[in-house]
DNA sequence: CTTTAAGCCTGCAGGC
DNA sequence: TGCCTGCAGGCTTAAA
């Protein structure tokens, strides 16, 4: 489900409820999600105080006292609930010392839970290979252009590669490429400094706008508060095949939003304004 | 080395 | 109504 804006939104919701609280009760309903959950997971969390949260790409860390962090990945269908009755596929339940109930629900179980020393978060095997944070200043046209240099994959696939930039998924790649006026099929190696100069700001603006809207809600995504994100109403191309492109003057000029499949994933674009 | 395809799981929408 | 197929926000692995 969740790409960077959804993970950021979820993390903020959790932080508001959990920071400074102690985990009074921890219940794990199964020993594994995508991978086994480490031995002693429940014991390490039980009684711990939550110091803070950090996001890296689509991963988040819940930092506990005792120099330990819980790595949380929502995968495709993962979500967090606050003060909700237990739901089907709720694999982890946390209860705080002030009575808040946090649930981790993930029907498809592509998500992950792990423990890592706080000082070693960046060395975790799922984190170590990640590219730059797209909203950091270090993610610039120069760094992106150099990361794409010589790449023979389409730019769409390159931006989905988390080692190029961390946090983009299928929705926001389509949206950012539309915003930048770049065709998803264009080979990454042909982006160069000029187009990267449009693409990087487009990525940052797309993500910033989506975070401000609380992410995109489709299927089962809600903020932990139960509130829906509303960025899905701001999609320009994603899931809009056949609909008019708002940048084009009308049907005479443009056939509307196209949908194709690239490496097994749906891609949406305007064939007239993206090159 | 790089790039593509299959697989992991469940749930849901659409076609028959 | 039920069954079947395809598809879904991610990521890893094996194969090409």
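These residue numbers are counts, starting from 1, taken along the chain as shown.
Placement of Cβ uses the backbone N, Cα and C atoms for every residue, glycine included.
Residues or ranges marked as active site, schiff-base intermediate with DNA by TrEMBL: A:2. DSSP assigns residue A:2 (active site, schiff-base intermediate with DNA) to coil, not to a helix or a strand.
What TrEMBL records for A:2-111 is domain 'Formamidopyrimidine-DNA glycosylase catalytic'.
As annotated by TrEMBL, active site, proton donor applies to A:3 (among others).
Residues annotated as active site, proton donor in TrEMBL: A:58 (among others). Long-range Cβ contacts of residue A:58 (active site, proton donor) within its own chain (separation 6+, distance under 8 Å): A:2, A:3, A:4, A:7, A:73, A:74, A:162, A:166, A:167, A:169.
The Cβ of residue A:151 (DNA binding site) lies under 8 Å from the Cβ of A:158, A:187, A:188, A:189, each on the same chain and at least six residues away in sequence. In the three-state DSSP classification, residue A:151 (DNA binding site) falls within coil. Marked as DNA binding site by TrEMBL: A:89, A:108, A:151.
Assigned with DSSP, the residues of the domain 'FPG-type' (A:236-275) fall into helix, strand and coil as follows: 0 helix, 12 strand, 28 coil. Marked as domain 'FPG-type' by TrEMBL: A:236-275.
If you look up TrEMBL, you'll see A:265 (among others) marked as active site, proton donor. Remark: residue A:265 (active site, proton donor) has A:156, A:160, A:170 as non-local neighbours, by Cβ distance under 8 Å and separation of at least 6 in sequence.
Residue pairs drawn from A:89, A:108, A:151, the listed DNA binders, are separated by up to 40 Å at the Cα level. Sequence-distant contacts of residue A:89 (DNA binding site), defined as residues of its own chain at least six apart whose C-beta falls under 8 angstroms from its C-beta, comprise A:105, A:106, A:107, A:109.
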